[in-house]
Amino acid sequence: GTAADWGGFEDNMQGGGSAVIDMENMDDTSGSSFEDMGEMHQRMKEEEEDEAAEGEAGAAEEEDGEFLGMKGLRGQLGRQVADQMWQVGKRQASRAFSLYANIDILRPYFDVEPVQVRTRLLESMIPVKMINFPQKIAGELYGPLMLVFTLVAILLHGMKTSDTIIREGTLMGTAIGTCFGYWLGVSSFIYFLAYLCNAQITMVQMLSLLGYGLFGHCITLFVTYNIHFHSLFYIFWLGVGGLSTLRMVAVLVSRTVGHTQRLILCGTLAALHMLFLLYLHFAYHKVVEGILDTLEGPNMPPFQRVARDIPVVSNAVLNTTAKAIALTL
């Protein structure tokens, strides 16, 4: 079977067929030349470059997208944080405005009857010796505020009658600044000392205590501004001013523990209160010595008019002056 299978092949090989390949009959476009290979290589290279460029462009787009995405995310977070901060600030501002604009908060400090104010004015001149228990302090500001305005009016009256000259500002502004500055400034300072000395008193109570303590100052200044006697002023200064000062000192002593703390706190308040009365009297009050001299001494002669001779002007001078005026016109 094997020989039969290979017999045909051997006959073909031994036949008249030639095994020589004719190169002339070969097709030049078979793709086996070097030019075709170079073109294919160049084409493949260009395709690879195009793919690489497309890959780089895609990567760049992806990076840009990621960058824009992060940037957009950060911008969104920033806007959210800014909106939250704005809302929080708006709520706090509206809450603070409604807190300070609500008049009901200040109503308890000014809800007082005139009878109570009169009673507290009289009590401010009566010192009470009670140290074992804290003395009661009125927690209202209507009476002290009215006393401060009364002191402003009295001080303004004294400044006008004494011909006080204010170089900077006005008489009203100076009086208001002096009285309110003392009331608020000294109250804050004494409250700070009371906090250091461990005294049981609040800021409102301190304002009320010092405000009612100005009642003695009002009486003293009102009398001494209209009656110009130094001895009378010193009597009222020690009597009326001293009583109002002793009243405040007694209240602070009952609310302070410790001898050193009491001495520092009460001594500071007494010195400031009494010196302020001296300042108001001598700084904005001028004693008219001429009134006392007029009442006690001889009268000064009035001013008399003295006739003076007018020198005679010659006609030549008048003519020369008239000619000069005519030439100028």
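Don't overthink the numbers, they just go from 1 along the chain as shown.
Every residue gets a Cβ built from N, Cα and C, even glycine.
Look at TrEMBL and you will find 1-65 tagged as region 'Disordered'. The compositional bias 'Acidic residues' feature in TrEMBL is assigned to 47-65. The transmembrane segment feature in TrEMBL is assigned to 141-159, 171-197, 209-228, 234-254, 263-284.
Residues 155, 158-159, 162, 164, 178, 182, 186, 189-190, 193-194, 197, 199, 210, 213, 216-217, 220-221, 224, 233, 237, 241-242, 244-245, 248-249, 252-253, 256 of the same chain lie 6 or more positions beyond the ends of the transmembrane segment (263-284) yet place their CB under 8 Å from a CB of it. Counting only same-chain residues 6+ beyond the ends of the transmembrane segment (141-159), those with a CB under 8 A from a CB of the stretch are 109-110, 112, 117, 120-121, 166, 171-172, 174-176, 178-180, 183, 204, 207-208, 210-212, 214-215, 217-218, 221-222, 225, 280, 284-285.
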